[in-house]
Amino acid sequence: MLDGALLAGQVFNGFSVASLFVLAALGLALSFGLMRVINMAHGEMLMLGGYLAYLTYLIVPGPLAILVAMPVAFLGAALLGGILEITVIRKLSARPLDTLLATWGVSLILQQGARSIFGPIGVGVTAPDWLNTGFTLAGVYFPSTRIFILAVAVIVLVALGLLIARTRLGLLVRAVNQDRMMAAASGINVRRVDLAVFCLGTGIAGLAGVVLSLLGPVTPSVGQSYIIPAFLVVVMGGLGSMVGTTIAAIILGLVSALSQIFVDVSMSQVLMLLAVILFLQFRPQGVIATRSRALED
Amino acid sequence: MTKSSPFRHAWILVLIVAVLAPMLVSSYNLNLLGRFLSMAILAVGIVLIWGEAGILTLGQGVFFGLGGYSIAMYLKLSTLPEGSLPDFMEWSGVMALPWFWWPFKSGLLALLAIILVPAVFAGIFAWAMFRRRIAGVYFALITQAVALTFATLLTSQQSTTGGYNGLTGFTEAFGMPLGTDQANRTLYWITLAVLVAVFAGSKWLMATRYGTLLRATRDGENRVRFLGYNTTPYKVVAFMLAAVFASLGGALFTLHAGVVSPAFVGVVPSIEMIVWVAVGGRKSLWGAVAGALIVNFAKDIISSALPEAWLYVLGLIFILVVTYLPNGLAGLVEDLLAKSRRPAAPEGALVEEGK
C-alpha cells in the first residue's frame, strides 16, 4: 500500500499545500508580529484576489492574463487592507481581542458583498494552457499548477526577506518590531509603518487568491477554507516570525498531505489540530521564540 | 457595579412576566422564546469565561453541539423498536449501533453525558492550553479551529452522525410526546428554571473569592502569580463551567427546535454566540441574557423580511459594538444610570490596563 511513488507524491503535495499556507499566513504573521492583532478578514483578501483574477481574465484574455492578474490582485487587496487598517484596526490598536472580533464583522460583510455581486455559486477561472500540463518523474506526476504555486511562494518569501533585510522600509519594520516605543521616540512614524506592513500583508493575500483560483472555483467563502489552517500556522510559527511561519506551514502541510494516505480529509483536519496542540505542549512560544526578558510582551 | 434604587427590584417583575409568558404570547413566539432562553444559558457561560476571566473563546458551538447531540441521540434511540437502528443509519447501510451511541439508550446516562462530556473535554483541553500559558489571540484561534474541526467531523461521518442534516424527527422525550402545547409549556418552564439557576449560581460564584481571583487574573495574571496563586485551575474551571452551560443550552435548544445539526456548532455560529454577549455586555449577566434575546429576535425578524440583509446587519452591529460600546448595552445602561444619579460628580474611571 505504501509504495515510494505514493509517498513521494504526497510529500510533494504536502509542500504544495504548505506553499498555500505560507501565502495565506504571511500577511497575518507580519501584522501579528508588528501590531499583535489578527485580521479575521484576511481570508476575504484571498477571496478578493480570486475575484480580481476573474475580472482581469474577462478584460485581458490570453495566456499571460495570470501575470496581469497578480499585480492587480496585489494592489486591490493592499488598497482594501489600507482602508481596513485606517477605519477599524487603528481605532482598536490597544485591544487585540476586540480587533479580532471587529474584523470578523468586516469579513462577514465582505463575504455577503461578494455573494450579492457575484452570486453564491462562485466563478471559475481557467488556468492558461501553459499551466495545464505536467510531467512524470520516477512514477510521480507533477502538475504544473502545483509547481507554479510553489514557485510563487518561494519568490514571495525571498522578495519579502530581501525587503525586510535590505530596504529602508524593512529597517523601520525591524525597528518597530523590536521596540515600538523606542522606535517612535527616535522619530519613526510607527503608525505609517503599521499601515505599510498591513497593506503589504493583505496584498500578499490577494496574490494568494490568484493562485487559489487556479485550483478551484472562486466562491464567497473560498477564504474561509484556507484561513483557519493559516491561523494555526501563525499560532505555531511564533510571534509573526517569517522563518517560523514558513517552517510551521511546511510541518502542517506535510501532516495534512501525509495523513491523507491513511485517513479521509476530515480526520486529517483533526490530526492537524492535534499536531498543533501537541506541538504547543512542548514549545508554547512557537517554532521561533523571540528571546526576551520582558515578562509580558 | 452599583445598582440604582428604582431598578433594584425590577428583576422580580421580569421574572414574573417570564413565568407567565406561556399565557401571554402565541405558541410560535413561545417556541422562539424557549429557543432563545436556551441560548441565553450559553451566553451566561460566555460572561464567565470572556467577561470575568478575559478569555475569548470562539468554540462555544462545540459544547452547544455536545449537549444537543447527546439529547438528540437519546431521543432517536428511545422511540426505536427493539433491535432496529435510527433511520439514517439504515439508509447508509450501518449494521450495528456505533459504540458512542450505546450509552444514549439510557435517558439517565444521556442527561449525565450532557454535563460530563463537555466538562471532561473542556477540562482536558483548557488544562493543556492554560498550563502552557497559551492565552489571548492564540487561544481564541485554537478554539476556532476546534469548532471547525468538530463541525467538519460531524458533517463527514454521515452514516453515524446524520451528517449535514443532523438529527431530527423526535416524537417524544422521557415519555412525554413532543410538539403539543402542554409539552411546549413544560419545556419552556424547564428552560426558564435552568436559566434562573445558572444565572443565580454564576452571580453567587462571581461574588465569592473565586470570582475575585478570576477577575484579578483577567486584569493582571502575573501579579496574581506573584501573590502565590497558580492561575491555571481558576481559568480551567471557568472554561469548564462555560462549556457545561453551553451544553445545557444546546440540549434544551435541541428539544425546542426539534433538530440539531452541524449548522449550529461550526465557526460562524460560535462567533455569533460571542456577538450576543458583545451586544448585551460581556461583563454583565443580565446584559448577556438580554443580548441573546435581542440579537436572536432581531435575526428572526430581519432574516425573514430581508434574508440578504441579515449578515450585513450582523457584521455592522459587531463592528460598531466592539469599537464604540465595548461593554455593550449593559455598559451603556449603567453609564446612563450613573449619570442620572450624580450629574456633576465625575466617575472615577479606572484606567484599563493595556495588554
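Any Cβ shown, glycine's included, is placed from N, Cα and C.
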| request: Kindly point out the range from B:38-56, B:285-303 that TrEMBL annotates with transmembrane segment. | output: B:285-303
| query | Do at least three C-beta pairs under 8 angstroms join the transmembrane segment (B:108-130) to the transmembrane segment (B:233-253), pairs 6 or more apart in sequence? | reply | yes
| message | Six or more residues beyond either end and a Cβ under 8 Å away: which residues meet both conditions relative to the transmembrane segment (B:137-155)? | response | 55-59, 61-62, 65, 69, 125, 129, 161, 163-164, 166, 261-262, 265-267, 270-271
| task | Tally Cβ pairs under 8 Å between the transmembrane segment (B:259-278) and each listed stretch (B:186-206, B:233-253, B:309-333), then give the stretch with the top tally. | result | B:309-333
| said: Can you work out which residues elsewhere in the same chain, 6+ from the ends of the transmembrane segment (B:309-333), have a Cβ less than 8 Å from its Cβ atoms? | reply: 272, 275, 277-284, 286-288, 290-291, 294-295, 298-299, 302-303
